[in-house]
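Participant: Below is a structure I'd like to ask you about.
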Amino acid sequence: MCSFSQEYVMEVWMACGFSGKWIECDLLFSPLFADLPLASSNNSKTFCVKLEYRSQWILGMAVVGILRRIWSLDMLLPLRLIPKSFACEIALQKDSWKTLLLLAYQSLGVVYGDLSTSPLYVYKSTFADDIQHSDTNEEIFGVLSFVFWTITLVPLFKYIFVVLRADDNGEGGTFALYSLLCRHAKVSLLPNRQVADESLSTYKLENPPEKNSTRVKMYLEKHKALHTALLILVLLGTCMVIGDGILTPAISVFSAVSGLELSMSSDHHQWPLKMIKNGRGSALFILVQLVNKSKRLTSISYFIGSLVSYSTLYAIHIADAVVPITCFILVCLFTLQHYGTHRVGFLFAPVVLAWLLCISALGLYNIIHWNPHVYQALSPYYMFKFMKKTKKGGWMSLGGILLCITGSEAMFADLGHFSYAAFQIAFTFLVYPALILAYMGQAAYLSQHHDNANHIGFYISVPGKLRIPVLIIAILASVVGSQAIISGTFSIINQSQSLGCFPRVKVVHTSDKIHGQIYIPEINWMLMILCIAVTIGFRDTKHMGNASGLAVMTVMLVTTCLTSLVIIICWHKPPIVALCFLLFFGSIELLYFSASLTKFTEGAWLPILLALFLMTIMFVWHYATIKKYEFDLHNKVSLEWLLALGPSLGIARVPGIGIVFTNLTSGIPANFSRFVTNLPAFHRVLVFVCIKSVPVPFVPPAERYLVGRVGPPGHRSYRCIVRYGYRDVHQDVDSFESELVARLADFINYDWHRAHGTISFPEYDASQSNESSGEYRLAVIGTVAFSGIPAYEIEESVQLASISGGFPTVESVTDVIEMEPVGVVERRVRFAIDDESGTRSPADMDLQLQEELEDLLLAQQAGTAFILGHSHVKAKQGSSLLKRLALNFGYNFLRRNCRGPDVALKVPPVSLLEVGMVYVV
């Protein structure tokens, strides 16, 4: 076995011509490095490489796993600090191009399904009522010019070259932009914030804040009303994404299935009526019954499938076959969601690739066969002629043209699953040319066929012999596109719930290997019912397109506004740059947005109604959550009260571990005092657990737990703050309980070494801790190797690592010590354990340490009880009518009808102790 030193690795690296900043890369047991240990002082698989961010391909390097960040088109590696929740390996390889092209290929099925199916309904929606296709072809050429420049400016220039760079540790979307702004400016409304959160590796700022803050940042931080306005803006974008999750499956599948109308002759078009008259109409019902009786489907899907089949038989003589077939496909699509996209995901990319090649070939055929000079319509001059001739009708028709960019936001929302370069390659070299060829081909066909002016659509430009195969591919592609937006809806609702902006719902993780693939049963069935209602209610692409267009443009406007703030506050660019970005792209989107608003009575009312309803729910829930936290903060009990509890007051300590869940990061919660008052006993080991969200997408497991003492060691009371990012997977209660006990054991060992002076602080004075308040310093306990012989065996080896400086909380000054993996250079203070401590026998070790660890082990064996508050919120007397309606009726109704905290935390009922609390706020 050969071994290479860090110096040798750096020499080879520098020989390749790379230089610049130090970037930390963690090799998580890469197969290529398993037999190739790096010689280092701590024998860890961590090394630092020096790389300059410049435009060049890094030959010999590739990413095995998920790429986290790409800086430019020429850049291959995402050299960022990667959260350890992602198994990302950086290995020396020669097939870097193959790896990147594979990621670009995989992104087709997940990201571009919705965008690639837009040719199915853009021309049909545009020429619905407002404008007519004439012999001069000015209308069709003007629409083609608008489509070309809209796709070029918004998805290509705005998203590919600007917005995708505004990522949050590789994650994209509305919450990623809000998270960036909250870290660079004090605009967050999240409760229980701690300065210690800023020491997270995923929290660190890419661009350190300047000494002289910009006026925009100072003005934003100064006015609290702007913090609320910013949150409302983010919630508006979130609600419109959820609305798009209802409209996109309906319009995509409906437009694809509508090809049946053209494929049927007038004689065959009446086949449903003939089936009913001949008594064969029950065949569809029997088919649905057989599918629904399959063991794989739930009782809910059985009921809805039967309902749809019955309604199909009665409605089929009124409408054509398109509506019932669309409903049937939607039922199947939503019923299969609980299997997870990873089970059928391998089919997504080939389907979208086949669809893109199909529309490209059809476009080339129509251009060459019908009008080779259609490329001239790409000139902006045709937009001017179009608007000059059509005037108000042309402006109103923009509501249909904007549908050509539906799905663009998915590139940004799904950034964390792929990479910047993969999106650039897939969109620039495949998706973009295919879409342009498809729209040019349809325009070339229509320019020579004016007799079909009343039946403009995608399928009339398809040769008759190819319509059935194209129809099948289109249906499959629309299902793939719908799957992407449904998965995105689940993801954004989970993010909203993590940040306290959405009622608690059940989140099922459908894949143990692929992070972020989730399924939310309640939301899934609601989306399905609403999708079917939209399909049956609207029955045409015109109304569906108007509704979808307004939702899409609202999300894009929100993204433009937030990106403008990121340019100033996070990237430290001059305000004039952000203003130019806002005015240029904002004016384009406002033009389309205004055109969509004119269709308010023709379908555009639906996303507005959905947004108002969802925003009301989210804002009421968030407002009540903040008020409950403020109530807990003002009514917390002093530590002296806890320490005074004892046998003299009739209080008994029972065996076991008592885990008290609270939102407070310091102090004793009021629900615990209420618990002890009514039941004069509590457990021998007491742990106050605060599960909080921080404005980062992921928190590395080694930095998740903040542990400290509450009172003296003999009291056996601890505080544990568990930090999650808005995209983190919350642990099951079994793994959480065992992990918590292991972290407590780590902390006890660390605290014993600190108390006995075996830890040296070269840059941090231990006397700074505020121990007089009873709240001792908190330590970030990580899963790292413990130096020396473990003091006590408790399920796994007790471990110790390095520490770093202290940070006060917002409410009280509590020192924080980090215990993290060795090798992190910035703001890390290491300690050393005396050589003698590693050779001591267990008999020589301190008795207090052994007793405390024994108590912890015995308490774990005795059982664990989870103490949660069962809250009822009530507005105080004298509150406004709006506040009383929001709290007394709105929030309490949501609380009673959503998942309880015990379900959200996955607490077993046999171990649950609920304490009733009335919050008067």
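Just so it is clear, glycine is given a Cβ too, placed from its N, Cα and C backbone atoms.
Caution: TrEMBL annotation is automatic and unverified by curators.
These came from TrEMBL, pasted as-is:
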type     : residues : note
TRANSMEM : 100-120  : transmembrane segment
DOMAIN   : 103-268  : domain 'K+ potassium transporter integral membrane'
TRANSMEM : 140-161  : transmembrane segment
TRANSMEM : 225-251  : transmembrane segment
TRANSMEM : 312-336  : transmembrane segment
DOMAIN   : 313-643  : domain 'K+ potassium transporter integral membrane'
TRANSMEM : 348-368  : transmembrane segment
TRANSMEM : 393-412  : transmembrane segment
TRANSMEM : 418-440  : transmembrane segment
TRANSMEM : 470-493  : transmembrane segment
TRANSMEM : 518-538  : transmembrane segment
TRANSMEM : 575-593  : transmembrane segment
TRANSMEM : 605-624  : transmembrane segment
TRANSMEM : 644-664  : transmembrane segment
DOMAIN   : 655-919  : domain 'K+ potassium transporter C-terminal'
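Any idea what these are sitting next to in the structure?
Facilitator: With a threshold of 8 Å between CB atoms, the same-chain residues lying at least 6 positions outside the transmembrane segment (140-161) that come near it are 115, 122-123, 126-127, 133, 374, 376-383, 385-387, 389-390, 394, 397-398, 401-402, 404-405, 408-409, 411-412, 423-424, 427-428, 432, 435-436, 439-440, 443, 446-447, 556, 560, 585, 588-589, 592.
Counting only same-chain residues 6+ beyond the ends of the transmembrane segment (225-251), those with a CB under 8 A from a CB of the stretch are 114, 121, 174-175, 177-178, 181, 187-189, 219, 326, 330, 333, 406-407, 409, 413, 481-482, 485-486, 488-489, 492-493, 496, 501, 527, 530-531, 534-535, 538, 541, 544-545, 547-548, 551-552, 554-555, 558-559, 561-562, 606-607, 610-611, 614-615, 618-619, 622.
Same-chain residues lying 6 or more positions outside the transmembrane segment (518-538) and placing a CB less than 8 Å from one of its CB atoms are 245-247, 249-250, 253-254, 300, 304, 308, 315, 323, 326-327, 330-331, 334-335, 337-338, 340, 486, 489-491, 493-494, 505-510, 544, 547, 603, 606.
Among residues of the same chain six or more beyond the transmembrane segment (605-624), those with a C-beta under 8 A of the stretch's C-beta atoms are 189, 231-232, 235-236, 238-240, 242-244, 246-247, 496, 500-503, 534, 547-548, 550-551, 554, 873, 886-887, 890-891, 894, 921.
Counting same-chain residues at least six beyond the ends of the transmembrane segment (644-664), those with a Cβ under 8 angstroms from any Cβ of the stretch are 191-192, 628-629, 632-633, 636, 671-672, 675-676, 680-692, 737, 740-741, 811, 856, 858-860, 862-869, 901, 905.
Within the model, the domain 'K+ potassium transporter C-terminal' (655-919) shows a mean pLDDT value of 71, rounded to a whole number.
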Participant: Thinking of Cβ pairs under 8 Å, which stretch from 100-120, 348-368, 470-493, 575-593 has the most of them with the transmembrane segment (393-412)?
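Facilitator: When the Cβ pairs under 8 Å are tallied, 100-120 comes out ahead.
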Participant: When you look at the transmembrane segment (348-368) alongside the transmembrane segment (470-493), do they share 3+ Cβ pairs under 8 Å, ignoring any pair fewer than 6 residues apart in sequence?
Facilitator: yes
